[in-house]
Amino acid sequence: MSNTRHKIKAVILLSGGLDSTTTLAIAKTKNFECYSLSFDYGQKQKSELKSAENFAKIFGSIKHRVMKISLSNIDFSALTDDKIDIPKFSKSDDIPITYVPARNTIFLSYALSWSEVLDCQHIFIGVNTLDYSGYPDCREIYIKAFEVMANLATKQSIEGKKLTIHTPLIHLNKAQIIKKGLSLGIDYSLTTTCYQADKSGKACGICDACEYRKLGFIEAKVADPTRYQI
């Protein structure tokens, strides 16, 4: 008899990139019954959604939903606004133009809603605060604050079913994340990290996401399987 009914449900935010795919794999190793959630939010490149679909199947997600929402009308981020170019990588303490206003708050809110429908008290998100672009909604203090808010805002929390937001990568650098993922059998050539990957998923090689990814493989001392345009 299948033991899936005894597993604990979890909603996994899955973009199809290196971090979120590793997070899904970690959730599976912890024996969670995974429900993957991706977003078509008006991002310039859509190849990450194909990657998300592939990994949802590879890691046996019970369901994979792609929520179609529009953040492109905000006209602020280089990831969604056609009038703003994706910048080349640069080291800076400033929040970059690739920041999408309140994106993780929006994504987590959808995950929260779906988790309540599923009678699920666990959400996984692949944020980390090392080797990242400095987005404020990737910080641990933000995730903890959202968890507090969520446990004041839902029917299931009021009934005693408290939500936990899991951030298994929060204190890992890219090299550590890559090593962890490889130990779990992830084929990183199938992930899409680049902010402006082409339709086939080939990465630009010059944006922040590409540079952090390249550095991660170098520091992990393993071959980078990423297909780069340059």
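Keep in mind that glycine also has a Cβ here, set from the backbone N, Cα and C atoms.
For L14, S15, G16, G17, L18, D19, S20, T21, T22, T23, L24, the entry in Swiss-Prot reads ATP binding site, with the evidence type sequence analysis. Marked as Zn(2+) binding site by Swiss-Prot: C194, C204, C207, C210.
Rounded to the nearest whole angstrom, the C-alpha distance between L14 (ATP binding site) and C210 (Zn(2+) binding site) is 18.
Other residues of the same chain near the Zn(2+) site, with their Cβ within 8 Å of the Cβ centroid of C194, C204, C207, C210, are I86, T193, Y195, Q196, A197, A203, G205, I206, D208, A209, E211, Y228. Secondary structure at C207 (Zn(2+) binding site), as computed by DSSP, is coil. Each of A52, F55, G126, T191 belongs to the same chain as L14, S15, G16, G17, L18, D19, S20, T21, T22, T23, L24, is absent from that list, and has a C-beta within 8 angstroms of the C-beta centroid marking the ATP site. Other Cβ atoms within 10 Å of the Cβ of C204 (Zn(2+) binding site) number 18 in total over all chains. When the Cα atoms are compared, L24 (ATP binding site) and C210 (Zn(2+) binding site) turn out to be 21 Å apart. Taking the Cα atom of each, S20 (ATP binding site) and C194 (Zn(2+) binding site) are about 13 angstrom apart.
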